[in-house]
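Sequence annotations record features per position, and here Swiss-Prot assigns compositional bias 'Basic residues' to 25-36. According to Swiss-Prot, the N6-methyllysine annotation covers LYS5, LYS10, LYS24, LYS28, LYS38 (among others), on the basis of similarity to another entry. Marked as N6-acetyllysine by Swiss-Prot on the basis of similarity to another entry: LYS10, LYS15, LYS24 (among others). Per Swiss-Prot, the feature N6,N6,N6-trimethyllysine maps to LYS10, LYS38 (among others); the stated evidence is similarity to another entry. Annotation comment: Swiss-Prot describes SER11 as phosphoserine. Swiss-Prot lists LYS28 (among others) with the feature N6,N6-dimethyllysine. As annotated by Swiss-Prot, region 'Disordered' applies to 1-36.
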Amino acid sequence: MARTKQTARKSTGGKGPRKELATKAARKTRRPYRGGVKRAHRFRPGTVALREIRKYQKSTDLLIRKLPFQRLVREIAQDFKVDLRFQSHAVLALQEAAEAYLVGLFEDTNLCAIHAKRVTIMSKDIQLARRIRGERA
């Protein structure tokens with residue numbers, strides 16, 4: 001076959017179509033068949049969180065388990081006096097007050113995070129909320 005002279009072609013400015021690598025092309029064509037296994041349903045990010053927020057805002061029950069809270073109260077009370085006894089109503093009153101305080105603190109913390117144009121609360125938001133409340137100088 002005789003050699004022929006090739007003439008220069010004018011460039012179109014863009015990149016031409018590339019050839020795929022053999023391994024990449026093989027990977028695309030030969031996908032393993034799952035055999036009809038259905039994936040578990042997943043909600044979009046944030047949907048479950050919003051559902052939980054609505055659920056907990058509706059409820060009035062205590063969110064911290066009673067026995068772990070009671071152990072914590074007894075452990076803290078040990079530092080002041082040994083062999084202190086607590087009525088069950090006293091522990092429940094302490095738990096109600098502690099949960100009310102924490103809920104209020106988290107509400108203020110969330111406002112601090114929103115003010116900083118964030119949706120995620122951070123420790124600095126808690127510190128700011130406590131400082132504004134006058135609990136910590």
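Including glycine, each Cβ sits where the backbone N, Cα and C put it.
Just so you know, the Cβ of LYS38 (N6-methyllysine) picks up 6 other Cβ atoms within 10 Å once every protein chain is counted. Note: the Cα of LYS10 (N6-acetyllysine) and the Cα of LYS38 (N6-methyllysine) are spaced 53 Å from each other.
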